[in-house]
Every structure is written in structure tokens, then in C-alpha cells.
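Novice: Pulled these from TrEMBL:
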type     : residues      : note
DISULFID : Cys87-Cys97   : disulfide bond
DISULFID : Cys195-Cys205 : disulfide bond
DISULFID : Cys303-Cys313 : disulfide bond
DISULFID : Cys411-Cys421 : disulfide bond
DISULFID : Cys519-Cys529 : disulfide bond
DOMAIN   : 15-117        : domain 'SRCR'
DOMAIN   : 123-225       : domain 'SRCR'
DOMAIN   : 231-333       : domain 'SRCR'
DOMAIN   : 339-441       : domain 'SRCR'
DOMAIN   : 447-549       : domain 'SRCR'
Amino acid sequence: MALFFFLIFESPPKVRLVRGPHRCEGRVEVERNGEWGTVCDDGWNLKDVEVVCRELGCGAAKGTPSGNLYKPLADEKQKIFIQDVNCNGTEDELIECDRVEDVFDCSHSEDAGAICEKSPPKVRLVRGPHRCEGRVEVERNGEWGTVCDNGWNMKDVEVVCRELGCGAAKGTPSRNLYKPLADEKQKIFIQDVNCNGTEDELIECDRVEDVFDCSHSEDAGAICEKSPPKVRLVRGPHRCEGRVEVERNGEWGTVCDNGWNMKDVEVVCRELGCGAAKGTPSRNLYKPLADEKQKIFIQDINCNGTEDELIECDQVEDVFDCSHSEDAGAICEKSSPKVRLVRGPHRCEGRVEVERNGEWGTVCDDSWNMKDAEVVCRELGCGAAKGTPSGNLYKPLADEKQKIFIQDVNCSGTEDKLIECDRVEDVFDCSHSEDAGAMCEKSPPKVRLVRGPHRCEGRVEVERNGEWGTVCDNSWNMKDAEVVCRELGCGAAKGTPSGNLYKPLADEKQKIFIQDVNCSGTEDKLIECDQVEDVFDCSHSEDAGAMCESEYGRTQRLYANCPYPA
């Protein structure tokens, strides 16, 4: 039986979009004899953009922004090749449209721009810790298949990372890392991929289709530098709740809440790695409001809820009819960190462990330093790093059966999560006596108990933007009290007394911040529990209380009649 293999060669397009947030938006440039020049926007319209988007495989045309938007402007030495482009909108390539060559009456402030509907990439990374690391899969006719790692190298990974918008390539991980392996029924679509590293999409690289001599134990993987998201949440209690801000050309602006809904919040939460969407909080919740000098960049966002990034959603740019009192907000389910500190005196000190596919492993302390500890402390919400003690300090040592997952961690110190740092996976030359440790400045809790006999019993109060408010006791129970006691380092929960017990009651001017708290009992902080913000149907006679097993034992009880600060 004869086997036939075909190498696929596809000529690159003669047009590109530069200086935009992704390859499907930006200033239009065309290629002539190996040189790239711009397009004057005289007569430029949506039909012309339709052709550009079609040529680039970027879906439908969304807008004709001024090329002036995409900074820095083209260099004065760069030529303007064409003007007065006149497409009918059905052409496959811009070169097929009527146009005037060699332009004399335009400047680069008049360069044309294009915004396309960013088409979903034909590649994805699965079974990794985030969307920018994992086993490589490619899509063909609606079906996803894997890639054989024969000849797979960093140039190939560079293209995958570029296509996914995941920054620089960081590594070609070992086979079998991403469990479970692909199902035997899943096809292996390509092998012998040979990219030069400059392509925008994996489909542009030379490759062999339809693979017969590989198994899923040889599937290719990729590790990318996860690019910082273009969205953030500010003024909230943690990085997964707050006022929505988006980044454009290095500047942060807000989002008008016209049309803002849960589907939009789902995308924000996904982009930030913050779990499920929990709510679209009321206007003005996150004080202080944005400064009047800060711009409102977008409004009328319309996400379908499946996008990976907010920039992929339909939206209106440059807003004129909103004020900062209408800025959008988002509440996400704060995802559990993929790192923990164990065997220490509290949750913010101990031996470092990381989670992979539901299993916890340790970290070898080769090259472990304060920058690495800073990232661990930040991820855990434990304040500043205070030290890098040997994991050997925290007895008993990890069991020999427990794996050591990573070594040679190299953080810059600015990352939000340890998983974003450079590291070496699957360690063979370390023992558990070399496990890394971290000591953090334990951040002050956002909850307190007041008017009780000691700090571990009393009326529950929570802090928001420097102000303390109470908690309505609707549905308040022992699981909620367990979390409060844990957060305060007060041992086990002993009871849920009425806050009415702790006199005097809260002042009428003091706000009731939350009600309907619903903890599972395993959370480290009350803020991690489901809850309803901004309460209108409770009074201070219904404030919640908590009684914990005091960390000071009987000693505090002996002095229960002494005055304690509220």
C-alpha cells in the first residue's frame, strides 16, 4: 500500500494590521516588493475593511477607525502606497480593489485602520493550568485533533502563542504532562510541523497532514508567557471584584454600564482567571469614583458570554454620553489559588505547594528567592513577603510519595500567580529536604467581632473601602461562623449568637453591607462566600454574631468582665 504525504504551502497575505490589540485590528499596511507601506484613508469605508478582514481570515468587518488611533504612528520614512481604495466588498484580496498608487497628498495622521471580528483561532491548548499552556490541538471542519511532536520545537510554539495572544513562547513541555491523555478516538491531525517562527497562525506553517505513526503519548505541548489581560477590576475587596477598567495604548479607562450584563461579566471573569461571574454590582459601589480626567473608553458592550477576552465582544469605542457615576462593575467567584502554604503557624506561612490536575506537589528551592515569595504572598492575599525559610522547617516533611512538581522558579516579582513565572517542570534532582518555603506578612482580615468579651466573640462587621459595616443575619449559620473564626485565627466556631446580644447596638448611621451569606465552611475568608451586597430589608437588631473558640483559651474568659475595646 502506498502512503502519500502532502506539504501545505500558503502564500502570506499582502496586507496586515499593526499596532492594534490583536492581529485582526490595527493600522492597515500593504506589501509591495518586500516593503510595507500604509494606506491613506481618503474614501476608506466598511466595504474596504470587509475585504481586509476576509483576506486576513478575521471574520466580519466591525469598524473603520482612524489609523491615528494606533500609536506610535508610522515612521515618516515609511511610504504611503495607496489611497482612494474603492472595493465593492466581495473581493478576496485588497489588491483586487480599485485604488490609486503612490500617494502625494496624505500624511501618516490619515492612515487607514480596520477593526475585524476576531475569528476564533484554529488552535487551542488544553489540560494545562490556564489557556496559555497545555496540549496542542488544532481544528479542522469543526473537529479538534492533536499534533504529533515529531520535529516540534520552540519556533512552532512561538506561532501557537502568537495565534492565541499569549505572549512569548516559554517552553515545549515533555510528553504526557497534561493528563488525562487525549482519548484514543481523537485523531492526530498533523505532524512534522516546521514553522520559521514569524507566522501568525499554525496553519501557515509547513506540516504533514493525516498522521499514521504517532500515538497520543507523543502529542505536542506548548507553554506560553501568559500576556497580561487588557482588563482589570479596581477598588474592590480583591482583584476579582471591582470597577471595570480596560487598557488601550498603555492608558487605563473605564467602561460605561449601558447594556452591561452578566454575559459581559462572564467574559471579564474568564479573562482574569477569576472563575464564574457572580454579579453586576450597582453603580458607585467602588469608591472613590474614577477621576474626571480618566477617560471612558467603551460602552454598549454586547458579549455572547463565550469570548475569552472583553476585546472580542461587540462594543462602541469612545464614549460621550456617560459619566463615571455610570462606570460598570463586576463580581467574580474568586478562583482558588493554585498554591498553598502548609505546616506553618497560619495560612500565610509554610511549605510551598502547587496544584496540578487536582494533585498537590512541592517546589524545589533551587534558586528560590524573595521575588518568588512575593508572588506566592500576592496570590494568597497575604500581604508582603517577609522571608524564604527552608521548607525543611515545617514538620513533618512532605511524604516521599508526594511529587516535587517544579524547580528553578524565576519570578520577576510582579506576577499575580506563581504559575505565570518561568520554571522547570517535573523535577528529578531534589528531595523534600529541599522544599521551598515562604513567610508572608499576614494581611489584616476584612472582618472583625466587636462588643464581645474578647476579639474572638461579638457582632460581625466587615470592611469595605476603609468603612466598617454589619452583616444581616438572614440565613447566617455555623458554616458562616466557621469562616469568620478561621479568618480571625480564633479556632473553631462555637455558636452564632444574635448580634442583638452585643450592646450597644450598631449606630443607625452605620451601614449593613451584606446579607444572605452562604459559606460552604471551607473558605479562608468571608469575602469568598456567596453573599448579597447592599442590604435594604434588615435593621441592626438583626446583625449577625459569631462565637469562636478563642486562641487564648480560658485566660480570656477569666477577664471577661474587664473592658475591651470595641
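The backbone N, Cα and C atoms fix where each Cβ goes, and this holds for glycine too.
Note that TrEMBL annotation is computational and uncurated.
Note that the coordinates shown come from a computational prediction; the quantities given were computed from them, not determined experimentally.
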Novice: Between the domain 'SRCR' (447-549) and the stretches 15-117, 123-225, 231-333, 339-441, work out which stretch tops the count of Cβ pairs under 8 Å.
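Specialist: Selected stretch: 231-333, with the most Cβ pairs under 8 Å.
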Novice: How many Å lie between the Cα of Cys421 (disulfide bond) and the Cα of Cys519 (disulfide bond)?
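Specialist: Rounded to the nearest whole number, the Cα-Cα distance is 32 Å.
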Novice: Hey, would you say the domain 'SRCR' (15-117) packs against the domain 'SRCR' (231-333), going by three or more CB pairs under 8 A that are 6+ residues apart?
Specialist: yes
Novice: Of all the disulfide-bonded residues given, namely Cys205, Cys411, Cys529, which is spatially nearest to Cys87 (disulfide bond) at the Cα level?
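Specialist: Nearest candidate: Cys205.
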Novice: Note the mean pLDDT of the domain 'SRCR' (231-333), expressed as a whole number.
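Specialist: PLDDT averaged over the stretch: 84.
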Novice: I'd like to know which of the disulfide-bonded residues Cys97, Cys519, Cys529 has the most other Cβ atoms within 10 Å of its Cβ.
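Specialist: Counting every other Cβ within 10 Å of each candidate, the maximum falls on Cys519.
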Novice: Should Cys529 (disulfide bond) be counted as helix, strand, or coil on the basis of DSSP?
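Specialist: In three-state terms, Cys529 (disulfide bond) counts as coil.
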Novice: What's the CA-CA gap between Cys303 (disulfide bond) and Cys529 (disulfide bond) in angstrom, rounded?
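Specialist: Their Cα atoms are separated by 27 Å.
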Novice: Return the member of Cys97, Cys195, Cys205, Cys313 nearest to Cys519 (disulfide bond) in space, with distance defined Cα to Cα and candidates limited to these disulfide-bonded residues.
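Specialist: Given the candidates Cys97, Cys195, Cys205, Cys313, the nearest one is Cys313.
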